[in-house]
Amino acid sequence: MENLIIYAFIYLLGSIPFGLILAKFFAKTDIKKEGSKSIGATNVLRVVKEKNPKLAKKLAIATIILDFAKAAIPLLILKFLHYDQALLWSVAVLAIFGHCFSIYLLFEGGKGIATGAGAMIVLLPLEVLTAFIVWVVIGKIFKISSLASLAALLAFVISSFIFNYDLEIHTHAPVFIIAFIIVYKHLPNIKRLIFKEECKVI
């Protein structure tokens, strides 16, 4: 019963659309109706930037921090309390799933990058550092957020095998689940990348 309560709480916490809330409260803008219609930092930046560039950057940074924290902080607390790895990984997946398929938004949501990073920094910090370096490099070169995010995700998955080469394949199942969720949410971006229609944001 305790685990079920934790899982429910984490999903509800992960579902909180901070980007949407911040944009509505501070910029009086509904990002679900503009831009890519995503609730993540990239769409916050893209949409609010048209009205107030300085505010857009602040709100985008705040969105990243809050989306990151809603996964990282609960996991840090649970890890400190010595909960087992199975529960920690379940919590990580649920936090990301909640962000991407929010119960408050009729199971729509963001792309899962910041929340995923928040979860994985607790469980696989070296892999996240590797992914972050790739994200920065690709972002600097191409200036396309989705491309940088997908490249970082690929680097994360590959490095999870390199840094944990002695683990059996089934132990990577949560990583595959998380990667699948994020790739699924990026399918429209992938389509635009293929047809060279994706906008530059970074």
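Positions of Cβ are set from backbone N, Cα and C atoms, glycine also.
The feature transmembrane segment is assigned by Swiss-Prot to 3-23 (among others). Counting same-chain residues at least six beyond the ends of the transmembrane segment (3-23), those with a Cβ under 8 angstroms from any Cβ of the stretch are 29-32, 38-41, 43-44, 47-48, 59, 62-63, 66-67, 70-71, 74, 78, 87, 90-91, 94-99, 101-105, 109-110, 115.
The transmembrane segment feature in Swiss-Prot is assigned to 61-81 (among others); the stated evidence is sequence analysis.
The annotation transmembrane segment is assigned in Swiss-Prot to 87-107 (among others) on the grounds of sequence analysis. Residues 3, 6-7, 10-17, 20, 32, 39, 67, 70-71, 74-75, 78-79, 115-116, 118-120, 122-123, 174, 177-178, 181-182, 184-185 of the same chain lie 6+ residues outside the transmembrane segment (87-107) yet bring a C-beta within less than 8 angstroms of a C-beta in it.
Residues or ranges marked as transmembrane segment by Swiss-Prot on the basis of sequence analysis: 118-138 (among others).
Sequence annotations record features per position, and here Swiss-Prot assigns transmembrane segment to 144-164 (among others).
Tertiary neighbourhood of the transmembrane segment (167-187): same-chain residues 89-90, 92-93, 96-97, 100, 109-113, 116, 119-120, 124, 146, 149-150, 153, 156-157, 160-161, selected by CB-CB distance under 8 Å and a gap of 6+ residues from either end. Annotation source Swiss-Prot lists transmembrane segment at 167-187 (among others), citing sequence analysis.
The list of residues near the transmembrane segment (118-138) in space but at least 6 beyond its ends in sequence, with Cβ under 8 angstroms from a Cβ of it, reads 67-72, 75-76, 79, 88-89, 91-92, 95-96, 147-149, 151-156, 159-160, 163, 175, 178.
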